[in-house]
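A quick write-up on the structure given underneath.
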Amino acid sequence: MEDTIAAVATAYGEGGIGIVRISGEQALPILNRIFQPMRKNRIQGNPDIRFQPEGFGTTIGEPIVNRRLTYGHVIDWETSQVLDEVLAVYMKGPYTYTAEDVVEVNCHGSIVALRKVLALILKSGARLADPGEFTKRAFLNGRLDLTQAEAVIDLIRAKSDRSFDVALSQLDGKLSQTIQEIRSKLMDQLVSLTVNIDYPDEDIEEITYESLLNNLLVINDMIVKLIDSADTGRIIKEGFKVAIVGKPNVGKSSLMNALLKENRAIVTDIPGTTRDTIVEDMTIRNIPIKLIDTAGIHYTEDQVEKIGIEKSKESFNQADLILLILDGSQALSKEDEEIIQVVGQRKAMILLNKMDLGQVIEEEALREKLPQAVFIKAAVKDGQGIREIEEQVEELVFKGQVKQSGSTFITNVRQVELLRLAKSSLEDGIQMARLGEALEFIEIDVKRGFELLGEIIGETVSESIIDEVFSRFCLGK
Ligand code: GDP
Ligand code: ZN
């Protein structure tokens, strides 16, 4: 871990600037080797302020000052070739991203410039950083815990305001605080268990099964609450998947366009379109939504119709919500009935569209067929009903949960798994406390729960888990 690492920290591609980051003991010596600062001189008689390369090509120049951005050139010390015109900064540890000495060189954003500068830095004594290694060092140096490091990944990948906020609060240590709170309550129980087991004859407060049971139940509730937040957390992070279904001409494309007009996500996945379905990223009331238009349902021929229903079944199964559109100005057709069959007992929103043409569809009969569904009347063409759809989506995502901005959400599979294991361990302990089993047995379960929670924040985490977590980073983070 003593060696010095370097990588391009910004995204590859065209951009105004790109940053090469160096971290480790050799960061400053390497910068001094590759960087030629320039002094600002005013040329007499010339109204332009120009930068004059005073001492250019020699070792004379402005000295590097901690945390001050310095203008100059990166020069290959072997060939004396100027590689780029840059701004460089040296930040002395430990108050840096990695808690080590860090150098950042702001180059021009071209891949060519970045590659050349990086290559020179590697030639000058640094090693190419593994993906996520900067953040890993921040973790190993105690600057971030594991949930915070994971939050960095989420921040980088966030596609909506809300997922960004959740990651930011996790980076802030919100989740860690909640976990630590639960752990400290478990620690209290462990201490009193251990004392009672090891020093039964001493004059100590004797543990009662009743109080032990009560305390463990309270702690278990806290864990359950966190696990429950995982579903919402996943949706916040990955998007709420809505499948739009309905026979041809009912208004699916019109609805998709109406929703997209206001809500199209700023950042969209690159391959949004596959052969069979169209997926559009958008945010509705700050919730990331993946809108799936099943092309399979735009069928016309009988043969295609069969495939269409199979395809739509597939996307039904992936969807968090099915948005079924019916033409409200007409009676139900055989096609509608078939799709309704497929929807079955799934969570669904039924849009009775084209209400501007007058209602013919029999709503009562429909409600009986789809008792679990929410009904909305709409005229998509005129923008009617769009707001209600958005409201209902928000309602469904939060399922009556209070939308406190301060609440802790679990967004991470690793974290959920550990919470589930901790819960089951604790429940074993609770069961034994109920049965009045020996304290030694209960102690084992409580201890296990304590350790599992520790793994979430990285306190008892093994090397392999650390590697797994950090391998998910892109290079340079
Ligand atoms: P899709 O085949 O389900 O994607 O349906 P489209 O969105 O392509 O719409 C089919 C036709 O219905 C188009 O001519 C739309 O203009 C029309 N349409 C869509 N929504 C409404 C509506 O609310 N009222 C009326 N009168 N026509 C609509
Ligand atoms: Zn269409």
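In case you wondered, yes, glycine gets a Cβ from its N, Cα and C as well.
Taken from TrEMBL as is:
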type    : residues                       : note
BINDING : Arg21, Glu104, Arg143, Lys477  : (6S)-5-formyl-5,6,7,8-tetrahydrofolate binding site
BINDING : Asn249, Thr268, Ile270, Thr273 : K(+) binding site
BINDING : 249-254, 268-274, 293-296      : GTP binding site
BINDING : Ser253, Thr274                 : Mg(2+) binding site
DOMAIN  : 239-398                        : domain 'TrmE-type G'
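It is Arg143, among the binding-site residues Arg21, Arg143, Lys252, whose Cβ has the fewest other Cβ atoms within 10 Å in the structure shown. Taking a Cβ cut-off of under 6 Å from any atom of ligand 2, the binding-site residues Arg143, Asn249, Lys252, Ser253 reduce to Lys252, Ser253.
Just so you know, the Cβ of Asn249 (K(+) binding site) picks up 13 other Cβ atoms within 10 Å once every protein chain is counted. With a cut-off of 6 Å between Cβ and the nearest atom of ligand 1, the binding-site residues Arg21, Lys252, Ser253 reduce to Lys252, Ser253. Taken together, the residues in the domain 'TrmE-type G' (239-398) have a mean pLDDT of 77 on the 0 to 100 scale. Under the DSSP three-state reduction, Ser253 (Mg(2+) binding site) is assigned to helix. Within the group of binding-site residues (Glu104, Ser253), the Cβ with the highest number of other Cβ atoms inside 10 Å belongs to Glu104.
A strand conformation is recorded for Glu104 ((6S)-5-formyl-5,6,7,8-tetrahydrofolate binding site) in the three-state DSSP classification. In this structure, the CA atom of Glu104 ((6S)-5-formyl-5,6,7,8-tetrahydrofolate binding site) is 50 Å away from the CA atom of Lys252 (GTP binding site). Here the C-alpha separation of Ser253 (Mg(2+) binding site) and Arg143 ((6S)-5-formyl-5,6,7,8-tetrahydrofolate binding site) works out to 49 Å.
A straight line from the CA of Arg21 ((6S)-5-formyl-5,6,7,8-tetrahydrofolate binding site) to the CA of Lys252 (GTP binding site) spans 48 Å. A Cα-Cα distance of 50 Å separates Arg143 ((6S)-5-formyl-5,6,7,8-tetrahydrofolate binding site) from Lys252 (GTP binding site). The DSSP secondary structure for Arg143 ((6S)-5-formyl-5,6,7,8-tetrahydrofolate binding site) is coil.
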